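Q: Here it is, the structure, as structure tokens.
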């Protein structure tokens, strides 16, 4: 008899965005003529930059010729891409990295979900709350979280509430933790940490031999000068932090899949008898066993993001989305809602009015004005009473959604 991994049975219901899709599909069947505007899941809508498309075409042509054909590539990524990542994303901020500290992958979702595999099951995990569901769910699957409780928490996870009451800035945990997930600019709240606030976490990790898993997938959307783009801008972070980045939101690669993870060789974790081991070598071992690398043509496309044309074109797209964020934020404030985010991130986090629950507000938005967002409670118990909208729609749909907001009744 084959036995299942019973930890999967601890996962509550379906994945958040699957549940949203189910509800929207049911509504569409009952209302086939409704024009639904989707401001929920964070998928982009603008096409890939011309420089990226040109590089894709050239790479595809290379694959058609015997002398330039590429088969299996390095699991860690081709040097032509890794060198550009270091040159453009880190060196201008005074951060020095070796090429073997950067691992190209098929997505930050994959890496943030998979990185926990190299840690023991008895590590104490801390997450901000609300939080991107992958961080928690992947630890549930591994068997690290204990039981799911009636209050929406897992018994062995330390939750760090981020609400309007603390300006969405998580406090250091009162109990000792070993693995800390941080995402800034934050998904879902759209809020950020200053360099001083981030330093507190680095200092905590250094003092407690903890590891920070830092998701900075939205760093390209930062507008304010005092907001760090990388955790490695903080002294000592290269001893305790892993950083995840993605081309998905930076350059529209949600459908082409390319990202990277930085694992400095200084970062170590320990065996039970106290022996230190580099996470870099462990992650490399994991990747070479379970991952065959990102396709050559996709990495050529990603490298084109760093050309002068690619930089200009991707910045224009990011500016487009951030203008959408400004429009949504202003539109919601104009009808009297309390709104956060949308300044350094493409996410708008609003307080639901009159004590309405997150899912109740979802249903009101869908049924009354045919606009889809994401219930805050889907990101964790501290997200109850909040709602996320994204700026990744078209300008036309964004403006139309803002007009529809005026018809909301609550």
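Cβ coordinates come from backbone N, Cα and C, glycine included.
For reference, Swiss-Prot lists these features for the protein:
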type	residues	note
BINDING	15, 42, 109, 132, 187, 292, 388	substrate binding site
BINDING	72, 108, 109, 132, 187, 218, 246, 247, 248, 257, 292	pyridoxal 5'-phosphate binding site
MOD_RES	249	N6-(pyridoxal phosphate)lysine
Q: Pop the Cα-Cα gap between residue 246 (pyridoxal 5'-phosphate binding site) and residue 109 (substrate binding site) into the table, whole Å please.
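A: Given the Cα positions, residue 109 (substrate binding site) is 9 Å from residue 246 (pyridoxal 5'-phosphate binding site).
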Q: Which site among 187, 292 has the most other CB atoms no more than 10 Å from its CB, taking these as binding-site residues?
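A: Per the Cβ count within 10 Å, the most buried is 187.
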Q: State the three-class DSSP label for residue 109 (substrate binding site), counting H, G and I as helix, E and B as strand, and everything else as coil.
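A: Going by the DSSP assignment, residue 109 (substrate binding site) falls within a helical segment, counted as helix.
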Q: Of these binding-site residues, 15, 72, 132, which scores lowest on Cβ atoms within 10 Å?
A: 72
Q: Within 10 Å of the Cβ of residue 109 (substrate binding site), how many other Cβ atoms are there?
A: 19
Q: Given the binding-site residues 42, 187, 292, 388, which one's Cα is the least distant from that of residue 72 (pyridoxal 5'-phosphate binding site)?
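A: Nearest in space to residue 72 (pyridoxal 5'-phosphate binding site), counting only the binding-site residues, is 292.
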Q: Could you state the whole-number distance in Å separating the C-alpha atoms of residue 15 (substrate binding site) and the residue listed as 'N6-(pyridoxal phosphate)lysine'?
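A: Approximately 21 Å lies between the Cα of residue 15 (substrate binding site) and that of the residue listed as 'N6-(pyridoxal phosphate)lysine'.
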Q: For residue 246 (pyridoxal 5'-phosphate binding site), list the number of other Cβ atoms lying within 10 Å of its Cβ atom.
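A: The Cβ of residue 246 (pyridoxal 5'-phosphate binding site) has 28 Cβ neighbours within 10 Å.
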Q: Compute the C-alpha separation of residue 42 (substrate binding site) from residue 248 (pyridoxal 5'-phosphate binding site), stating it in Å without decimals.
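A: Cα-Cα distance, residue 42 (substrate binding site) to residue 248 (pyridoxal 5'-phosphate binding site): 10 Å.
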Q: Within the chain of residue 388 (substrate binding site), which residues six or more apart in sequence place their C-beta under 8 angstroms from its C-beta?
A: 40, 188, 189, 347, 348, 349, 350, 373, 374, 375, 376, 379
Q: Relative to the Cβ position of residue 248 (pyridoxal 5'-phosphate binding site), how many further Cβ atoms are located within 10 Å?
A: 22
Q: Let me spell it out: for each of the recorded positions (42, 249), count the other Cβ atoms within 10 Å of that residue's Cβ, using every protein chain shown. Which one has the most?
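A: Most Cβ neighbours within 10 Å: 249.
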Q: Whole-number Å only: compute the distance from the Cα of the residue listed as 'N6-(pyridoxal phosphate)lysine' to the Cα of residue 187 (substrate binding site).
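A: The residue listed as 'N6-(pyridoxal phosphate)lysine' to residue 187 (substrate binding site), Cα-Cα distance: 12 Å.
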Q: Please report the Cα separation of residue 187 (substrate binding site) and residue 248 (pyridoxal 5'-phosphate binding site) in Å, rounded to an integer.
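A: Distance (Cα to Cα, whole Å): 14 Å.
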